[in-house]
Amino acid sequence: MKLSAPLLVSLAAFSQAVTALVAFPGAEGFGADAIGGRKGQVYVVTNLNDSGTGSLRDAVSATDRIVVFAVGGVIKISERIVVSKRVTILGQTAPGDGITVYGNGWSFSNADDAIVRYIRIRMGKGGSSGKDAMGIAEGNRMIFDHVSVSWGRDETFSINGDASNITVQNSIIAQGLETHSCGGLIQTDGGVSLFRNLYIDNKTRNPKVKGVNEFTNNVVYNWGGGGGYIAGDSDGQSYANIIGNYFISGPSTSVTAFTRGNANFHGYVDNNYYDPDKDGQLDGSELGVSSSNYGGMAIVSSKYNYPAVAYTMSPAEAVTYVTKYAGASKVRDSVDTQLIAQVQSWGTKGALISDEATMGGPGTLNGGTPAKDTDGDGIPDEAEKQLGTDPNTNDSMKLHSSGYTYLEVWANSLVPSTYH
């Protein structure tokens, strides 16, 4: 059978990746080498239940799994989900409009080698008091790609403590709920990469950074009086690259893009734009390289040698990319659609919220129709025929010549593998 064009392109990309196997084509930064559940078993999520056989909670409760979906829709959870080590979650495999998890938060503490893609995690006011929508306090090598995170009751997405080698890329970190309303703490010496993300409608901590950090091609919109990028505000030493980002003031914004730096925060800065005028046009300008423009941090002249992006966009390119592709963008849900519309109002729309009902809650999703999968190995029969595997034999976890499993080859063919 003739291979489809997307699958042919995907196979070619994987063949080139043999010598330097990253989590998936397009994985970058400190967390790019996460292996997920590649050496384990497949788990197919077959229902939208909070718990039990076939549920997402059950899927991530054991180590060494690649999780795919034969169902789409909103999964309502009452308690936090705790993810085990070496788990891959491939939300792009869900039919219909994909997966939203709503009602409480997730813990990735000690979830070494996690790979998480194309899923929406929306906590909400009914979630655990004082908890993050997503949080990591310990663990090594994790990557989060095209994730939409919102409505945390403490932080929205925080990385703290002994966590190391983490990447968050192509994601949306939105609307931490009032009165706290925080984007997130990024506070570890172990290395965190933040690439091409959107921080939006968080009163403060967009993000608050301490330790070792690469912050490239992000868009920060409508931060509140607590601050946009908060530069440590600490006695601890910090070392960051801050490159090609765009800060756009919105209706809630009353302070400058960078605040609360000091001599302990060492920043290499280059080509960051700031649009403060809320005039309905994207017409910002480059921030001059001075400590005063960057919240009082200590400006350094040489870039830190951290794992960098393959291609550095201009700030304007970053805005175009983020508004089109950030978050669980295979199919944008009603929440992300509203958030992107706020950004594209260029300063005239946006709000800090205390109740997700303001956004219509998590909305409704088309569950779609699962493709036929005779052997139940997570790859639809038609895709197996194209891959050369057997639709009647559970063989999706066999390794392709690229080093990825056939399940990963198929799943990654469903979404773009490059961003430029």
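Keep in mind that glycine also has a Cβ here, set from the backbone N, Cα and C atoms.
According to Swiss-Prot, the features are:
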- 1-20: signal peptide (SIGNAL)
- Asn49: N-linked glycosylation site (CARBOHYD)
- Asn165: N-linked glycosylation site (CARBOHYD)
- Asn202: N-linked glycosylation site (CARBOHYD)
- Arg205: active site (ACT_SITE)
- 262-297: domain 'EF-hand' (DOMAIN)
- Asp275, Asp277, Asp279, Gln281, Glu286: Ca(2+) binding site (BINDING)
- 357-395: region 'Disordered' (REGION)
- Asn394: N-linked glycosylation site (CARBOHYD)
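One residue stands out among the recorded positions Asn49, Asn202, Gln281, Asn394 for having the most other Cβ atoms within 10 Å of its Cβ: Asn202. Ranked by CA distance from Arg205 (active site), the recorded positions Asn49, Asn165, Asp275, Asp279, Gln281 have Asp275 at the top as the closest.
It is 21 Å from the Cα atom of Gln281 (Ca(2+) binding site) to that of Asn202 (N-linked glycosylation site). If you take the Cα of Asn165 (N-linked glycosylation site) and the Cα of Glu286 (Ca(2+) binding site), they are about 30 angstrom apart, rounded to a whole number. Under 8 Å from some Cβ of the domain 'EF-hand' (262-297) lie the Cβ atoms of residues 209-210, 229-251, 253, 256, 303-304, 314-316, 319, 345-348, all in the same chain and six or more residues away from its ends.
Around the Cβ of Glu286 (Ca(2+) binding site), a 10 Å sphere holds 12 further Cβ atoms from the protein chains shown. Listed in sequence order, Trp346, Gly347, Thr348 are the same-chain residues at least 6 apart in sequence whose CB falls under 8 Å from the CB of Asp279 (Ca(2+) binding site).
Secondary structure at Asn165 (N-linked glycosylation site), as computed by DSSP, is strand. With helix defined as DSSP H, G or I and strand as E or B, the region 'Disordered' (357-395) counts 10 helix, 0 strand, 29 coil.
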